[in-house]
Amino acid sequence: MAEMVKLFIDGREVEVEQGSTILEAAKKAGIHIPTLCYHPDLPPTGACGVCVVEIEGSPTPKRSCCTPVAPGMKVTTNSKALREVRKTIVQLLLSDHDVTCPTCPANEKCELQSLANYLGVDMNGLPAILERKPIDETSISIVKDPNKCILCGRCVIVCNELQTVSAITIANRGFEAEVDTFFSQGLGNSPCVNCGQCTVFCPTGALSERSEIDLVWDALLDPDKVVVVQEAPSIRATLGEEFGMEIGTVTVGKMYAALRKLGFDYVFDTNFAADLTIMEEANELVERIKTGKPLPLITSCSPGWIKFMETFFPDLAEHVSTCKSPQQMFGALAKTYFAKEAGIDPSKIVSVSIMPCTAKKFEARRPEMRDSGYQDVDYVLTTREFVRMLKSAGIDLKELPDEKPDELMGMYSGAGTIFGATGGVMEAAVRTAYWMITGKELENLDITAVRGMAGIKEAELDINGLKVKVAVAHGLGNARELLTKVRKQIEETGKSEYAFIEIMACPGGCVGGGGQPKGSTFAMRARRGEGLYKEDKSLPIRRSHENPAIKRVYEKFLGKPGSEVAHRLLHTYYYKRCDQTGCTLEAVTEKHVGHH
Amino acid sequence: MTREEILNKYGKSKDNLLYILHDIQDNNPRHYLTEEDLRAVANWLNLPYSYVHGVATFYSMFSLKPRGKYIIRVCESPTCHLMGSSDVIVELVKTLGIGIGETTKDELFTLELTSCIGVCGVAPAMMINEEVYGNLTPEKVKQIIEEKRRESK
Amino acid sequence: MKIARMHVLLPVDPDTVLAGVMEFQKALLEELRKRNLEEEIKVLETGSIGITGKGILMVVYPEGIYYANLKVTDIPRIVEEHFLKGRPVKDLLLGEVPARFVKKEKVGLTREQKRVVLENVGIIDPENIDDYIAAGGYEALEKVLTSMKPEDVIEEIKKSGLRGRGGAGFPTGIKWESAKKAPGDEKFVICNADEGEPGTFKDRLILEGDPHKLIEGMIIAGYAIGAEKGYIYVRGEYELSIRRLQKAIQDAYSYNILGKNILGTNVNFDLEIKKGAGAYVCGEETALIESLEGKRGQPRNKPPYPVTHGLWMKPTVVNNVETLANVPSIIKNGAEWYRTMGTEKCPGTKVFTILGHVVYPGLIEVEMGTPLRDIIFNYGGGIKDGKRFKAALVGGAAGVFLPESLLSVRMDFDNLKQYSAVLGSGAILVMNEDTCMVDMLFSIIRFFKHESCGQCTPCRIGTYELYALINKVREGEAKEEDLDKMISLSEAMFKSSFCPLGQSLVMPVKSAIENFREDFLAHLDKNYKCEKCRR
């Protein structure tokens, strides 16, 4: 039982656990203290100073985010002096900021902007002193604009401690301090895996995705093109909150309606391709279990994870599933299967995806992702970009009716939809693998052991007598921990305790992806995930192999899982990358028929 | 000494980082740390490259750009300023024909400003590499530069 | 010291090295050898005696005669006239021997200065451990190891009222007690020798002139708190200090004063020197610790304090050089003796650096509470070249500009607080009537802008804003409201900066603009001619 401490905040008595910060105590007492650099999911840095409070007996105010409570402490959170200090801090930040709100990717989500509005700051109070630095556009996925950086330090903590990629650091000292890569070589020449978590935690527009909005508008407004769109599972559980609905509300019908309003010709669904991925991957898992190797099988639908694997764990490449991600499987089929069925010249098809992910922009442009004969996925829009497009077109999601997708590549099962949550791919795969191995259906479809926000989850599954140990990790730091263990096991004993591992680069899984709305806390991610599980439970079909659209595509086009056509279009290979510059070194797996 | 020899003197512990960087820089006639130096140190200590870059760029004594044979560090702190360091700095800029932070074309001199070097008794003062020069005047400074030019031949 | 007829001391420090003391010494030794005087006249290198700007100095004992501005060509005359015939060469003497060097006794210590920390500096050979021992060194250590428990040592330091001499003035005994009480199997003592406060070189004097005193203080500190490892973090630019420290540590090890089983007891203590890399902010104790751990020197949040979570999150005491140098004397002579000097709340002595437009720039050690006027006029000799006093910057760059009306202030931690001033490092920069206060404030702001670590917004951008504003004033582009803006900005920085660096700017900014507003108002006129600000 932790010791409790009593203190007074603005005259109100509050009792909290010893070791709590003043900010946490204030929250408990229902008192709001403005903050800026503070983020509930990261350790406080104390960089901005906005959260300072007066403490009786202390000669200077202290930061409430990182000052622990003491018994009998008397805190004042709001005084004339404190309000002046907070305004001055914001004025300082604005004097060193490229203020271009209307065109800034963080407009209306920017925490500096909302704080300035909340405090009522005179933006011209101090001389402007910004010394412009060049924008880093070396990366396909992420743009770094140092002129908007407030040096809160969140991105550096996320990249180094949460994701353990260490592509960025704080360089130089004092006013020259900036977030930078090794020798300023740019994100595109660093070990950055494009996970985009930095863009989600970044409170301003300093870190954001490379925008493809204009490219998509051009395609939509080009009468010559047939624009097809797919949307990731997470989108339907996230869109609503950007239009004032409760977090975790699933708005799939309105999502289709919105896309049609924007002008997309065919509105499909990535969930269809997720079911497809399950067919191919469960088949792969069954094959490997039968032959005994190479196990564990590791999922491959997270492109941030894939680049991470290629950079830091290329020795485990042969364990990674050869399956493409749902996005890329869809892309390959859109310009072959769909083009054939609809009688459209594939060269006229523009394939767009709406993803909660920045790494998907990189994935779509990997040189081997052209199995259709064209670039399989042309443009990728993050959730953030999609929302901006809707708002700029005056579309209010709440007001739209529920519509249906185009069924050919739009029908999906509950297994497809839970891909968006950590543990979802694992669960979906097991539902089908069970049937593939035993010929019977899995009765209890809710494998709760692999659900939830714990960083590494393990479970031992009983597949009709066959004991299968599985593990799920989300967030690359957790992935590193799990895989280091697996690597050691294999080095020492030749095998690992696990048969199947799911890795998601982002905490929470895709609902917490790098392309999701800025400010997505872990709590919000968990609620979005719950929304997806709710949708799954409500659907009539919850197993990928029971999806009629899936049955059709195999019957009419692919033959069976693992067939030659399936291999050509739906499977891929991986490289080894330099772990300090991210550049490609050599291919480490092969793609040919009958690989396993 | 080669870089490898320097690295081998130190244990593979993060807290040796600053001293390794000092040694490697001192070993380079152009008084700076190269990209390869930082990579080698990062590999030796098993640290991310970005981390080593972040530490090296924090401290004034390290430079990632090649410098001259003689590094001139003029103290710009309040005490030396009171005793006339601005005139000395103006003279140096004139005589050397370079700005602060720059190196002469013949790669002989680099001009830097530094904070208090602890010889305030003879302000205004400067250091050229490890040597201290005090009680400076624009005239004296011209002489010192000429002396160094002759010395370098 | 060997018994010789005459002792000739040559202070060796960066000032005198500059003037050529090493060549002078060689020539002097050569001359003595030629004259067969090497046995009876001993020439000793010593640390700085606190006089600066007077070229090569020489002190001859037993008379206690001071020579200044010597040249190699003076040697034959001095040897002939003074050493052989006993007649000091009058025209080579240090002008009018200033008050601080008038003494009653014929040997060593002066009367008006109370030299505790500097008692050996300028007297003994800092590279000779036997000199230190002969002068009473390591007696305190012996006393501690043989007759005192760690708690007793801490009690004595607490009773003495010793307060940190790095600038913060925190009671040293309480700091040691907290570290002793802190749970942990491994503890550390760190000496902060990163002396970077502009206008301060007192620590350098101690390191160069009496390194063993520091070593003794550290071993006692280690014993008191239960630490077996100590580090001296010396700024990278202090070459001579590092060399002398290395020799002293080496000698201490060979005399079994450092290492395992010190002086035959079961007490262990290892000492290591670590070099800094050029960052003023690393003078702040947590930034120093970060630097020792191989990271960027950015201050940590306090609490927790280093006494519980310091180096590698273990209990650590970080003390300034001068603080530790007080310890041996306090232990040897007792806390009551220490309290006979200084004031009630700030006992003991303080080393002050007097620089700027004074006749005798240099260092002195006097009792805490000595009035500023006395320091500047009695010890410093007043304003040189017949000019008038205008201002004194007290405490360092992070200091306060005091006008003539405040000269009677007594120099200790608490008295200065009344004037919103701080003792800081004990640096006193004296400015004459020709000084432009706008120019001086500019120089201070520029210093902080360069040294800000950049971690927190108020300081990182605030120092740059102040720089932009002071430049507006210098260039005649400012309005009167900009002056008030500077004050309110520095006050906001005081309230919200992460560490004392950003917090301290309010002192020079406010005191300069409030106490010397006329200077600033004059600059608002674009046509006002100022030699310093407008070239």
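Positions of Cβ are set from backbone N, Cα and C atoms, glycine also.
Keep in mind that TrEMBL annotations are predicted by a computer and have not been checked by a curator.
Features reported for this protein in TrEMBL:
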BINDING   B:Cys75, B:Cys80, B:Cys116, B:Cys120  [2Fe-2S] cluster binding site
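Following the DSSP three-state reduction, the secondary structure of B:Cys116 ([2Fe-2S] cluster binding site) is coil. Within 10 Å of the Cβ of B:Cys116 ([2Fe-2S] cluster binding site) there are 29 other Cβ atoms, across all protein chains. Within 10 Å of the Cβ of B:Cys75 ([2Fe-2S] cluster binding site) there are 29 other Cβ atoms, across all protein chains. Remark: B:Cys120 ([2Fe-2S] cluster binding site) has B:Ser77, B:Thr79, B:Cys80 as non-local neighbours, by Cβ distance under 8 Å and separation of at least 6 in sequence. Secondary structure at B:Cys80 ([2Fe-2S] cluster binding site), as computed by DSSP, is helix.
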